[in-house]
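*Asks:* Pulled from TrEMBL, these are the listed features:
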- 1-18: signal peptide (SIGNAL)
- 225-249: transmembrane segment (TRANSMEM)
- 290-320: transmembrane segment (TRANSMEM)
- 326-348: transmembrane segment (TRANSMEM)
- 360-383: transmembrane segment (TRANSMEM)
- 389-413: transmembrane segment (TRANSMEM)
- 451-470: transmembrane segment (TRANSMEM)
- 482-508: transmembrane segment (TRANSMEM)
- 520-540: transmembrane segment (TRANSMEM)
- 552-580: transmembrane segment (TRANSMEM)
Amino acid sequence: MGKLVAIILSAIFVMCCGSQVMSDAIDHRYKAGDLVPLYANKVGPFSNPSETYCYFDLPFCSPDYVKEKKETLGEVLNGDCLVNAPYKLEFRIDKDSQVACRKNLTREEVIQFRTAIKRDYYFQMYYDDLPIWGFLGRIDRLGTAVPNDRFFLFMHVHFDIFFNKDRVIEVSSHVDYTHVVDLTEDRELLVEFIYNVNWKETKIPFEKRMEKYLQSSFLPHHLDIHWSAIMNSCITVLILTGCFVTFYMRVLKKDFMERTYNEVLTDDQEEKGWKYILGDVFRYPNHRSLIAAVLGSGTQLFILTILIMILGLVGVFYPYNRGNLLMALVFIYAITSGIVGYSSTTFYHQLEGTNWVRNLLFAGCLFSGPLLFTFCLLQTVAISYKANAALPFGTILVLVLLLTFVAFPLLVLGGIVGKNNQTEFQAPCHTTKCPRDIPPLRWYRGVLPQMALAGILPFAVVYTELYYIFASVWGHRIYTIYSILFVVFIILLIATALVTVALTYFQLAAEDHQWWWRSFLCGGSTGLYIFGYCFYYYYARTDMQGFLQTSFFFGYMACICYGFFLMLGTVGFIASLLFVRHIYGSIKCD
């Protein structure tokens, strides 16, 4: 098993490393005068990261021959649209006021540029795999009335490039605010795009050229906030663990001593609490196929999350190219489909289910079904906007083939292995034929109040980290400190398990033996809190707007939160199952 995991991780590592925005020069070594590839990538509103368009969708000067770079799957999923840029930046060749091109802008093109400037458009390029970005223009506010605003397009770009011997180390760009053209009026204009190139030598080695982007991701005080939040979370979990251990040593040990192994229960004895329902606590829950399916999907998502964390820790994910992450998610999800089939079918047989084929298909579609439905809806929206988020037919075909010839066969194979794994459900107590009636409970012991209570503490553990994750996924910040993220994830798992176990005990103490679904729902309630945080983040922490960005944000975040619901619900259920087995295995069950 360990060798299989190592092989899977190695394969994903190789695929992800090959998905970086690679230049034509594979070794990144150049001679003076060599043309270093400069790719124009995309443009779009700065506040709407999902709404991007190809660079030449705006009426820029295009080269005589527009050459599209052959993109990897990760680049396409990331919405990249790499073409050769109109600027020629030869290695170690300085240029001063070099004319890239001259162009007559029509009235329609002037309006198109003005609309882009009004919406705060930015551009992104790649020079020898190093990102370059900047804004298209500026707005001068001359008064409170909108008609008084004046719109200017930047015409002069300065490129500052640092090199070490025969390698490019760093590149940046800035604009000349005095060299602009006024686009306020709807009239034809003759524009001239100019650029400067300034080469400087540096001693930074090639191997450390990406450290600039890693260090700029989080300022020192941001790291202090991270570690302070982690320390607070650790203290909270330690206090919770101490309370749980103290409770176990005092209350449960006392209950164990009151019922020794040589005692025999009779109908005349008035046993109360969790010991009273020992004949019903392992009664199989309703909807066996559904609970087996959700546990199988939750197990797969848990393994997927762990593998993504490992890849992040070893430095696979390339800064400013999140296509690596997207491609890793796609391949790992397909490869781990066998886990869904095995775990769901195995648990379904332990619950004495008979129609394992239906259960297998149900488990396979439980998460992928809503995800594919959301994907199709959002692709329709992206196509209507002609945005880069609309995947080409070839990419969609690749994804379909991946699901058909990799994910589905592994799902079936895992189901067959799980079916042949004839293991019985390990219950330390015999289940009676007739279930006991559950006594009337107060309102706060209901499902919804318990779910609301269960999700507070785990959500508080990840609250601080959520902002930085959201700012990376739905913004222009880079998330690189996967060590902190891994620690927070472990704390989240511990908090979820402890809270769910505590609520399960209180439920059993109230003589309510229907804990199966309750433990899953309480464990997964943190996903609902995260989805609620999405509304706060969207309306209070960002300037995102527009139907495309809104639909992409809430559509995909709904799928992600649903995945967290399944994963953390599985963690809560397994923790509660182990706890229930332990306490009832500690007493004699006739």
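The backbone N, Cα and C atoms fix where each Cβ goes, and this holds for glycine too.
What TrEMBL says about a protein is an automatic prediction, not a curated fact.
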*Asks:* Using a Cβ cut-off under 8 Å, which residues of the same chain at least 6 positions beyond either end of the transmembrane segment (520-540) come close to it?
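*Replies:* Residues packing against the transmembrane segment (520-540) from afar: 291, 294-295, 447, 450-452, 454-456, 458-459, 462-463, 466-467, 470, 474, 492, 496-497, 499-500, 503-504, 550, 553-554, 557-558, 560-573, 575-576.
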*Asks:* Below 8 angstroms Cβ to Cβ, which residues of this chain, lying six or more residues outside the transmembrane segment (451-470), approach it?
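*Replies:* Contacts with the transmembrane segment (451-470): 218, 222, 225-226, 229, 233, 236-237, 240, 477, 479, 484-485, 488, 491-492, 495-496, 499-500, 503, 521-523, 525-526, 528-530, 533, 537, 541, 568, 572.
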*Asks:* Can you find at least 3 Cβ pairs under 8 Å between the transmembrane segment (482-508) and the transmembrane segment (552-580), where each pair is 6 or more residues apart in sequence?
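*Replies:* Result for the transmembrane segment (482-508) with the transmembrane segment (552-580) is yes.
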*Asks:* For the transmembrane segment (290-320) against the transmembrane segment (389-413), do we get 3 or more Cβ-Cβ pairs below 8 Å once near-sequence pairs (under 6 apart) are dropped?
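*Replies:* As far as Cβ distances go (cut-off 8 Å, pairs 6 or more apart), the transmembrane segment (290-320) and the transmembrane segment (389-413) do not touch.
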